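To keep things clear, I will list the structure first and then write my remarks on it.
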Ligand SMILES: NC(=O)C1=CN([C@@H]2O[C@H](COP(=O)(O)OP(=O)(O)OC[C@H]3O[C@@H](n4cnc5c(N)ncnc54)[C@H](OP(=O)(O)O)[C@@H]3O)[C@@H](O)[C@H]2O)C=CC1
Ligand SMILES: O=C(O)C1=N[C@H](C(=O)O)C[C@H](O)C1
C-alpha cells in the first residue's frame, strides 16, 4: 500500500508528498521514495516520524498495529491528523486509537473503498429484513501476503450486521469450522477466510434461508481504490475537530 499511495499522491494535483516513513532497518531508508518505480519524488525514506511530521497536513498509515501506535504518538506530539488503514488491532489497540482521537482527528477504517462502505450500509438493511430464518456468513479472500484474519473489512461487516440486529459480535462470531461441529446455531455469524495468489480483496455477506439465499459481494480489482480513498479521507480531515471518524463519515454515509 505504501507504494500505491506514493503513486496516488504523485498523480493528484491536490497533494504533495511531505515525507515517506518506513520501519527501522528497512533497506529503503535514505533512498528516494519514488525510486522503487523509477519516479524521483525528491523525498527520502526515513524511520524518524517525529523528525519529519512538523509541517505535514496529515499522516497516512498502512502498516502493522505496532507501527501505528508509534505514529499515533508522533502525530499527537506534532498535532498532525491521521488516517489509519492498518487492520489487525485487538480491542486494546482500538481503544488506544480512540484515546488518541480525543487529541487529534483520526479516520480509522478497515476499508477505504467507496464500494465496501456502501456494502456496509446495504448490509445493515439486509440484516434487518433477513434477521430471522436466514443464516449469516461472511466470506473473504485476499492475497497470500496478508498477515491478519479475518480481514478488518470482514470484521467490520460482522460488526455492522450484528449492530443492526442487536447481536453481540464477540459472543456470536464463529471463526472457521472443523471436525464434528454439530448443527449450526441460528444466532451465530460465521466467518470464512481464503488466502491465495494476488487476490486484491473479495468480501461476500451471505444470508442463507430455506429456498433462497441473498449474497452481497464486493470485489476489489486494484489497490488504487484503497489509496484513492485514503487521499479522500486525508483531505476531508483538514480543519476537522479531534475525534474518531470512519470512511462512512468521509463519504457522508452515516
Ligand atoms: N483500510 C484499507 O482500505 C486497507 C487496509 N490494508 C491494511 O494495511 C496494512 C498494510 O497492508 P500492506 O500494504 O498490504 O502490507 P505490507 O506488508 O505490504 O506493508 C506493510 C508495511 O509496513 C511496514 N512495517 C511493518 N512493520 C513495521 C513497523 N513495526 N514499523 C514501521 N513499519 C512497519 C512494512 O515494512 P517492511 O516491508 O520493510 O517490513 C511495509 O512497508 C494491513 O494491515 C492491511 O490489512 C490494506 C489495504 C487496504
Ligand atoms: O490486506 C489487504 O490487502 C487488505 N486489507 C484490508 C482488510 O483487512 O480488510 C482491506 C482490503 O480488503 C485489503
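Any Cβ shown, glycine's included, is placed from N, Cα and C.
According to TrEMBL:
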type	residues	note
DOMAIN	1-112	domain 'Dihydrodipicolinate reductase N-terminal'
BINDING	85, 86, 87, 109, 110, 111, 112	NAD(+) binding site
DOMAIN	115-251	domain 'Dihydrodipicolinate reductase C-terminal'
ACT_SITE	142	active site, proton donor/acceptor
BINDING	143, 152, 153	(S)-2,3,4,5-tetrahydrodipicolinate binding site
ACT_SITE	146	active site, proton donor
Can you go through the recorded positions 142, 143, 153 and pick out those with a C-beta less than 6 angstroms from ligand 1?
none
Considering Cα atoms only, can you say which of 142, 146, 152, 153 is the nearest neighbour of residue 86 (NAD(+) binding site) among these recorded positions?
152
Surrounding the recorded NAD(+) site, with Cβ no more than 8 Å from the Cβ centroid of 85, 86, 87, 109, 110, 111, 112 and those residues left out, we find 62, 84, 108, 152, 153, 226, 247
With helix taken as DSSP H, G or I, strand as E or B and everything else coil, how many residues of the domain 'Dihydrodipicolinate reductase C-terminal' (115-251) land in each class?
51 helix, 37 strand, 49 coil
How many other Cβ atoms are found within 10 Å of the Cβ atom of residue 87 (NAD(+) binding site), counting all protein chains shown?
23
Tell me, roughly as an integer, the mean pLDDT over the domain 'Dihydrodipicolinate reductase N-terminal' (1-112).
96
